[in-house]
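Features reported for this protein in Swiss-Prot:
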DISULFID  26-48  disulfide bond
DISULFID  30-52  disulfide bond
DISULFID  33-65  disulfide bond
SIGNAL    1-24  signal peptide
């Protein structure tokens, strides 16, 4: 019995508190309506409050107040959006200085007129293909073929020895492209040529590339004309002297060849 009485008391307290809150909200809403509408006779604060609490049948006073409250909420939402836009504009002006102040409206207008979604960007190629038929495809294929041909020429550098590398290499072209791309094809050679070149490079460096060629002397003669001819006649030994020198110094001849005659 005591437990039921306790539950009833708790229920009455909760109902009373809710009634007080509802009464306070109704009084506040009706007072706000009376303040906004001014001295209109059809709005009576007391009647509006009683109608809101349900003590009187709903009449014109509470209905007019509800409409006014809805309009007020809409205005508050719009004011909040304007305030947010103003804050964004102020932040952009603070970040970018006078640039946004000068060109911001123009950029915003252009974005509204020509704004494109990512799906529209992806569909741009399809639209071109539909409008121009196979023309765009041919241009794309020709550009791709030209790029592949140029890459192949740069990779091989026009050197016929590259075919030797392709014959001696056990890897397939697909594996080569996957591993090195087109870079290593132009610089790797056969095993014999690599050993010979590395030995000369290790021993003489870049010096032999300039003067170790048989035609290097002819190049100088063509470049300097009769001056080099007179120089060779005056200072350089003849072939007979060079042969005698080679016989006297076989080690030098073996090591440096005909280069030491000069």
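Just so it is clear, glycine is given a Cβ too, placed from its N, Cα and C backbone atoms.
Looking only at Cα atoms, residue 52 (disulfide bond) sits nearest to 26 among the disulfide-bonded residues 26, 33, 65. Put plainly, the disulfide-bonded residues 48, 52 were compared by Cβ crowding within 10 Å, and the winner is 48. The Cβ neighbour count for residue 30 (disulfide bond), using a 10 Å radius and every protein chain shown, is 24. The separation of residue 48 (disulfide bond) from residue 30 (disulfide bond), Cα to Cα, is 6 Å. Rounded to a whole number, the C-alpha distance linking residue 48 (disulfide bond) with residue 65 (disulfide bond) is 8 angstrom. For the disulfide-bonded residues 26, 33, 65, the greatest number of Cβ atoms within 10 Å around a candidate Cβ is found at 65. Taking the C-alpha positions, the distance from residue 26 (disulfide bond) to residue 65 (disulfide bond) comes to 10 Å.
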